[in-house]
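According to TrEMBL, the protein carries these features:
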DOMAIN    28-487  domain 'Amidase'
ACT_SITE  Lys67  active site, charge relay system
BINDING   Leu116, Ser142, Val163, Gly164, Gly165, Ser166  substrate binding site
ACT_SITE  Ser142  active site, charge relay system
ACT_SITE  Ser166  active site, acyl-ester intermediate
Amino acid sequence: MAPLCPSGSLAWKVAGRAALIPAVQALQIATETNCITEFLQESESQLRKVKLMERQGLLYGVPVSIKDSIDCQGHDSTLGFIKHLNKPAAEDSVVVQVLKRQGAIPFVKTNVPQSLISYDCKNLIFGQTRNPLLYTRSPGGSSGGEGALVGGGGSILGIGTDVGGSLRFPAAFCGICAIKPTGNRLSKRGVMSGIVGQKAVAAAVGPMAKDVESLALCLRALLCEDMFSLDSTVPPLPFNQEVYSSTEPLRIGYYETDFFTMPSPAMRRAVRETKQLLEEAGHTLVPFELTNVDHVVFNYCVRGMFTDGGRSFVKNFKGELEKGSTALFLWLAKAPHWLKTLLCWISKPFVPRFSSIIRSMEENTVDEVWNLHQEIEDFRHQFIAQWNKLNLDVMLCPMLGPAFGIGYPAKLSVAVSYTMLYNALDFPAGVVPVTLVTDEDEEQLKGYRGYYQDWWDRTLPKAFRGGVGMPVAVQCVALPWQEELCLRFMKEVETLSLKKNSFF
């Protein structure tokens, strides 16, 4: 695992020690992992412009990598679709515009899975991206190219997106940090989506870096007047440094499992050890019980994203060849109603989760869509009420890991439960690596059974297996619009983990 040392910190770079584009490192990582889709040639002229800037922004001279789906003027945003090739964006996305005004230099675009609706990273145009820590493992997705490039040391700051874990999976799998903000904290103008127009599951733009301080500096730079004037739909909430810098003890909720996806031994240990470190540091840890996560996954997330029966999703793939990572959803979306009904009935006693996915892929009426949105809103308020009843500041949660073997994310779509919950809730959620998989974790994996004992539960331990030495992360969660508190909690977890684990 790449060490988290000061020289890898964005703050160190900004301090003026080294503000040159890391082209050599990026090229090396790209060769090893296939994570870069395009070098932005204009970054050289952008560097010259930055040197002449009267006002040196917070990201002065910092090279930044950009996810394929985020528009950069003159470059394609393919989403892994051939039909989007040679259709360069007319202008920069708002996020890229603000980065440039803060002195940052976007220098590459990075790979994604076809359609973005996957936590692997493969498409027909650019191929499979590999994990920089172990090439036989997936880097996660859909911001997988970013995870591989930052995790491998080829970029000190990356910008990605998250609609079900797409920032958090690559960060966890590649041993780095990331934060998914509240959906509208950063502008999404000029950011392409895999399912245009769906609002049930909140998407977000966010940063990825080797350390939490770099994430905080990035958000501090982005949450500025330029962001608010370029996109007036973004609430004018500047970064609250006082909250981020606070040292007051926290009241922290925690859970080890969501009772839907059984955690790997390493995931469970990561939460337990982090809980102990936080308690020893003077924080109060309070058990939090999750209920009905299966209902959230199927009835809010899957149904919310495919509320038209998947017709919009299918339309994206017209004329396209590579469909591997989304084959199940595509097949169900194309299946006639009578076949879905039959399969749902037949599979329910034997594979209840498969039956639930089929049911969730039915086409909804307008009235049903409105009711769904009301249900999700009610669920958010109920969750917040449970949170407030326990008087919590933040929440410590498991994060899927270690990184799956290549190909397994496509077989395990249901394993997104730990991350997608916080897209449905639209809470800020960050990821921090806290430990490495041990031989004992690997041995205990032999007893993995899962909660349903279905095909997915039998496949999960195979995906985890062989991960000794790979990083395992935890999630840090806060209430909506409290990104600074989320980052403050992440920083505490990072600091305590670094003190304990000399291998980071």
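Just so it is clear, glycine is given a Cβ too, placed from its N, Cα and C backbone atoms.
Automated prediction, rather than curation, is the source of TrEMBL annotations.
Structural mapping of features recorded in TrEMBL.
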residue : record                           : Cβ contacts under 8 Å, 6 or more apart
Lys67   : active site, charge relay system : Lys109, Thr110, Val112, Ser142, Ser143, Gly145, Glu146, Gly158, Ile159, Gly160, Thr161
Leu116  : substrate binding site           : Ser69, Leu79, Gly80, Gly141, Ser142, Thr161, Val163, Ser166, Met192, Ser193, Gly194
Gly164  : substrate binding site           : Ile117, Tyr119, Val201, Cys301, Val416, Thr419, Met420, Asn423
Gly165  : substrate binding site           : Tyr119, Leu400, Val416, Tyr418, Thr419, Met420, Asn423
Fill in the blank from the handout: Excluding Leu116, Ser142, Val163, Gly164, Gly165, Ser166 themselves, the substrate site's Cβ centre has within 8 Å the residues Ile117, Ser118, Tyr119, Gly141, Ser143, Thr161, Asp162, Leu167, Phe169, Gly194, Ala203
Handout entry: Max pairwise CA distance, angstrom, over record-listed substrate binders Leu116, Ser142, Val163, Gly164, Gly165, Ser166
Key = 11
Problem - Cβ-Cβ neighbours of Ser166 (substrate binding site) (radius 10 Å) - result: 35
Practice task
Measure from the Cβ of Val163 (substrate binding site) and count the other Cβ atoms within 10 Å, all protein chains considered.
Solution key: 24
